[in-house]
Amino acid sequence: MQKLQISVYIYLFMLIVAGPVDLNENSEQKENVEKEGLCNACLWRENTTSSRLEAIKIQILSKLRLETAPNISKDAIRQLLPKAPPLLELIDQFDVQRDASSDGSLEDDDYHARTETVITMPTESDLLTQVEGKPKCCFFKFSSKIQYNKLVKAQLWIYLRPVKTPATVFVQILRLIKPMKDGTRYTGIRSLKLDMNPGTGIWQSIDVKTVLQNWLKQPESNLGIEIKALDENGHDLAVTFPEPGEDGLTPFLEVKVTDTPKRSRRDFGLDCDEHSTESRCCRYPLTVDFEAFGWDWIIAPKRYKANYCSGECEFVFLQKYPHTHLVHQANPRGSAGPCCTPTKMSPINMLYFNGEGQIIYGKIPAMVVDRCGCS
């Protein structure tokens, strides 16, 4: 009994020496730990951002089948860039899309059909599309996007050289056909009469949707077209084979197709901003600036919102596959935890110069993170 009393006295004495327990100190320690966790999260997101930007550069070159970024100067771009209205409108559309999505609230819609514009430049013709051994303008090859989607519109754009005095110009578009018995090689497509004022040349568009539809149904009938634009004196004003100083004035096709949707609507994941303290798997904003890369060869867009995924994945939270949780419950040690990854991505349209100085308008798949989840 006496030993027990001595032990109690010693215990009380030590409590008095140690002083009262400071609950505020524990709170401060907890708060410091939380702040340290938030700082680590910010640092993690910074590293993720840098890695994502480098990955995007590699992906773009790979998906465009380019080993390195084309070395094209800004001066060369100014000389090569076509001055045609539809291309200028296309560039303007990139600006409109950028402004419309600047708040980050818009998401690519995979449910509804979308109309896309494809700019097709003429290619070199083969012997079959030549007349008397001379190549004729113009022969067009069509990508699978045009072949396998609904055709909405097809316009042939031609540039007419300026006239010195007011003139009436007769424009004729002819379709090349296989030689007939009488030697005929052409059949008419369109003809129109234009009144031109002196001073400047003009771009003129001609509807060729019916012709293009026939070509798509019977590819072997596509031997090319002949373009003529004669004034009263018989001078051909159409630029078919550009002369020096006529860069960017080559005829081309502007084709609009409706892209069929392939996926249905799904629920959205979490969206966060760069100042968010959310620790769970979330989509964060990330803007890719091609000018900052020094990639002048990309005409449009100059920048776009790519986004990235970051955060922790607890089981059952935003999991892509419901059975993932059941597998973990059955064997918690034998299954790796879920990771925060993109569960939905969308493409971007891009207007760019390839390594040969040609202008290409195409779609690069899976370049924008639309939704993040755990899988």
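Backbone N, Cα and C atoms are what each Cβ position is placed from, and that goes for glycine too.
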Among Cys282, Cys309, Cys313, cysteine joined to Cys374 by disulfide in Swiss-Prot: Cys313
Of the candidates Cys272, Cys281, the one sharing a disulfide with Cys340 in Swiss-Prot: Cys281
Between Cys281 (disulfide bond) and Cys313 (disulfide bond), the C-alpha gap once rounded to whole angstrom: 6
Rounded to the nearest Å - Cα separation of Cys372 (disulfide bond) and Cys282 (disulfide bond): 6
Spatially closest candidate among Cys282, Cys309, Cys340, Cys374, the listed disulfide-bonded residues, to Asn71 (N-linked glycosylation site) (Cα to Cα): Cys309
Distance, Cys282 (disulfide bond) to Cys340 (disulfide bond) (CA atoms, angstrom): 8
